[in-house]
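A quick write-up on the structure given underneath.
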Amino acid sequence: MAQTMTDKSRVLIFDTTLRDGEQSPGATMTHDEKLEIADMLDEMGVDIIEAGFPIASIGDFEAVSDIAKRAKTSTICGLARAKLPDIDRCWEAVKHAKSPRIHTFIGTSPLHRAIPNLDMDQMAEVIHDTVTHARNLCDNVQWSPMDATRTEHDYLCRVVEIAIKAGATTINIPDTVGYTAPAESAALIRMLLERVPGADEIIFATHCHNDLGMATANALAAVDAGARQIECTINGLGERAGNTALEEVVMAMKVRHDIMPYDTGIDTTKIMNISRRVAQVSGFPVQFNKAIVGKNAFLHESGIHQDGVLKNVETFEIMKPSDIGITETNIAMGKHSGRAALRSKLKDLGYDLADNQLNDVFVRFKALADRKKEIYDDDLVALMSDTAANTADDYLQVKWLRVVCGSDGQEAELKMLVDGEEKSCKSEGDGPVDAVFNCVKSIYPTKAKLKLYQVHAVTEGTDAQATVSVRLEEDGRIVTGSAADTDTILASVKAYVGALNRLRVRSQKTAPDADVKQVSYKL
Ligand code: KIV
Ligand code: ZN
């Protein structure tokens, strides 16, 4: 069913974390992680979930189709290039949804027209044929002129009109390279609304990238000019500098409703938990000073502004932490905390666990509590992320590790299970992490190249847990593994092994030439 817009103040939220976000190098998510994120988006009231790019790989197809089958209220959308087989494949994946949508696109700017070597008339014909084909399959069709902000205005008006006549119900205007600025973004939407026949019968969407740091401002300016769908991702995840951040546009319209009188269907109290979860599964941590969801975004409460805030909360606070679901639960748990307390704390953090899952997490929690006196919310989030990322069914598993390091040199001894069989190795290296990674490589030889090794302390103190992210690349596939432990070296090897497990699963599912990055923008 196509979205109808009777309420002029309603702005639809189109989340593309699982497509444009996941497409950013290294942010690959597993099938189960995608389903979990889709469930969270659905529950928080996202109107349209762009669940993937079905033609890109079997994995993408299966994810879109499974998300379509389970979505409760969100419209489920898949991306398709302007090619009939892409559109057919997309429809096969989304058709199971209660409300399916096909999103087809083609690059319309001079630079993009040159790639398939189509002149303006030939491209116009492709647009007509592909949108017509999509509309014959599905009554909810979105069309995007990629790089719209660098497309000649006359040509943009011409192709938008063709797409509308061919049956597109949403026209998305992408600022593909993050080139536009707020005044220009608004003027473009206004121009299309004024000049294109039929423009008042469809919904205009805005899709902004953040290369110049203006994605949020550009999206909101487009809404002011008449766009009624914002395309965005959680934490602004996305290629290069990312996409418009969902939490930023939604909270901006809520907090400044006086000057942006637009409504969304988003339950903002679900923002913090989904932000944390997307950071974990994508391996892209949120910067501390990130608007809305950064660790420091509400720090004035306990920092230097505390006095003012205590006297009058509005002195420094334009929104409440609870508005985005921060339930001031940062009271430490410890080794005497029981199962019920752990369950309730995890529930506050957005993890609703079945009894058997809780038992597993409780064992890990007790092990952590033996090593760390006070366990804070962030420790629990890290623990949950580690539990999800490294499981007992993994092909490669770390069993035991001993490292000797110091001024006399570094040596590591490691025992691992490879498909259930125990293997061990001793290696030296240039530092303890290098020594341990050398052990892994001699037990499980790999061509994968290390692209990123990153360590974060979860909380303060020398007994803090470290979360480690390891990004690997092999044959064009990029994956990220992550792990948490109070022992940084153990966390490092678990993250490395986790990444190797992901790479193995991914190479079984996709041939290198079927990879998303290689098909994404080519006609
Ligand atoms: O940025 C972009 O142009 C896109 C399109 C595929 C909509 O993501
Ligand atoms: Zn994009």
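Glycine is no exception: its Cβ is also placed from the backbone N, Cα and C atoms.
Since we're looking at a predicted model, the values are computed, not measured.
Quick look at what TrEMBL annotates:
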- 11-272: domain 'Pyruvate carboxyltransferase' (DOMAIN)
- Asp20, His207, His209, Asn243: Mn(2+) binding site (BINDING)
- 397-523: region 'Regulatory domain' (REGION)
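Mapped onto DSSP classes, the region 'Regulatory domain' (397-523) shows 41 helix, 51 strand, 35 coil. Sitting within 8 Å of the Cβ centre of Asp20, His207, His209, Asn243, and not among those site residues for Mn(2+), are the Cβ atoms of Thr16, Pro174, Asp175, Thr176, Cys208, Ala215, Glu231, Cys232, Thr233, Gly238, Glu239, Gly242, Thr244. Counting neighbouring Cβ atoms within 10 Å of each of the binding-site residues (His207, His209), the lowest count belongs to His209. Sequence-distant neighbours of Asp20 (Mn(2+) binding site): residues of the same chain at least 6 apart with a C-beta under 8 Å from its C-beta are Glu50, Glu231, Thr233, Gly238, Glu239, Asn243. According to its DSSP assignment, Asp20 (Mn(2+) binding site) is helical.
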